[in-house]
Amino acid sequence: MGLSNWSNVTEFIIVGFPNLQGFHTFLFALLLLIYLFAIFGNVVIFTVIRSDARLHTPMYFFISSLSFLEIWYTAVTIPKMLSNLLSKRKSISFTGCLLQTYFFHSLGATECYLLTAMAYDRYLAICNSLRYPAIMTPKVCTHLAASCWICGFMCPVIEVILVSKLPFCGPNEIQHIFCDFPPLLSLACTDTSINVLVDFIVNAFIILVTFLFIMVSYIKIIKAILKIRTAEGREKAFSTCAAHLTVVLLFFGSIIFMYVRLKKSYSLDYDRAFAVIYAVLTPLANPVIYSLRNKEILNAIK
């Protein structure tokens, strides 16, 4: 990640929410409350699943893995956002900005893969129920989860290396709420069409391929559920998938509009709005969705 010798910028200023200057104290309190709730909720779900033997099944193993990921996913961006809301100088070093971008995208890619593994688990459980215990062994679950993390942390390496070699010699204000590839590319003092193309290819592969796999799995799942004769059986099968499908639509619906595009950026308000959804609201929604809709987790918590 060597910085080019002819780059003059050593730090960036994260603009954040310039249209809400008079509400920074309120935004700080609201964001802090959301962050604490997201951390607390995901820690509770992770701890309960790990400590209750009744929940040591593949489905709950992946839910606990997702909760563990969300703890770090929020820690990459929200603490810095909180400090910027109270600070007059909202600066971040060049290296710090690259690291924040790398870890944010690594954890985001890991979540894409993890949600895909969860869809595969639900597909096997409903469409291949007789062989399911033999296929989804604890060893297989561990290998699947580890593969999600390894692939996730490898995905943005090329993008970060390419950005680190760009010259930044002009304005250093990042028109976003945290460091990310699109606002960084808009500040470079050279043509970034190669970077934009590489970003599009990497993001399209990660996001669209995993989302397509998930949707194909759910089409087969729905077909299998509709063949169940009893209404009680159909309701039970749907309930095991509803929470996961809700999280998938919320997460992928926002990141597809943000990252699968052949432009440096759309309108600034557009980018900020979607960033709040996938960086703040989705990690908050996960513990709510998985706990309130799941009787086994609620009973384990009680």
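One is the number of the first residue shown, and numbering goes on along the chain from there.
For all residues, glycine too, the Cβ spot is worked out from N, Cα and C.
What TrEMBL records for this protein:
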- 41-290: domain 'G-protein coupled receptors family 1 profile' (DOMAIN)
- 26-49: transmembrane segment (TRANSMEM)
- 61-82: transmembrane segment (TRANSMEM)
- 102-120: transmembrane segment (TRANSMEM)
- 140-163: transmembrane segment (TRANSMEM)
- 200-219: transmembrane segment (TRANSMEM)
- 240-260: transmembrane segment (TRANSMEM)
- 272-292: transmembrane segment (TRANSMEM)
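Below 8 A, the CB atoms of the transmembrane segment (140-163) and the transmembrane segment (26-49) form no more than two pairs separated by six or more positions in the chain, fewer than 3 in all. Tertiary proximity for the transmembrane segment (240-260) is limited to same-chain residues at least six positions away from its ends with a CB under 8 Å from its CB atoms, namely 59, 66, 108, 111-112, 115, 118-119, 122, 125-126, 182, 199-200, 203-204, 207-208, 211, 214, 218, 221, 271, 274-275, 277-278, 281-282, 285-286, 289-290, 293-294.
Same-chain neighbours of the transmembrane segment (61-82): 14, 16, 28, 31-32, 34-35, 38-39, 41-43, 45-46, 49-50, 92, 100, 103-104, 107-108, 110-111, 114-115, 117-118, 121, 138, 141, 145, 148, 177-178, 247, 279-280, 283, 286-287, 290, counting only residues six or more beyond its ends whose CB sits under 8 Å from a CB of the stretch.
Beyond its flanks by at least six residues, the transmembrane segment (26-49) meets 17, 20, 55-56, 60-61, 63-64, 67-68, 70-71, 74, 78-79, 81-82, 85-86, 280-281, 283-284, 286-288, 290-291, 297, 300-301 of its own chain at Cβ-Cβ distances under 8 Å. Within its own chain, the transmembrane segment (102-120) has Cβ neighbours under 8 Å at 59, 62-63, 65-66, 69-70, 72-73, 76-77, 144-145, 147-149, 151-153, 155-157, 159-160, 178-181, 206-207, 210-211, 213-214, 217-218, 244, 247-248, 251-252, 255, 278-279, counting only residues six or more beyond its boundaries.
Across the domain 'G-protein coupled receptors family 1 profile' (41-290), mean pLDDT in this model comes to 89.
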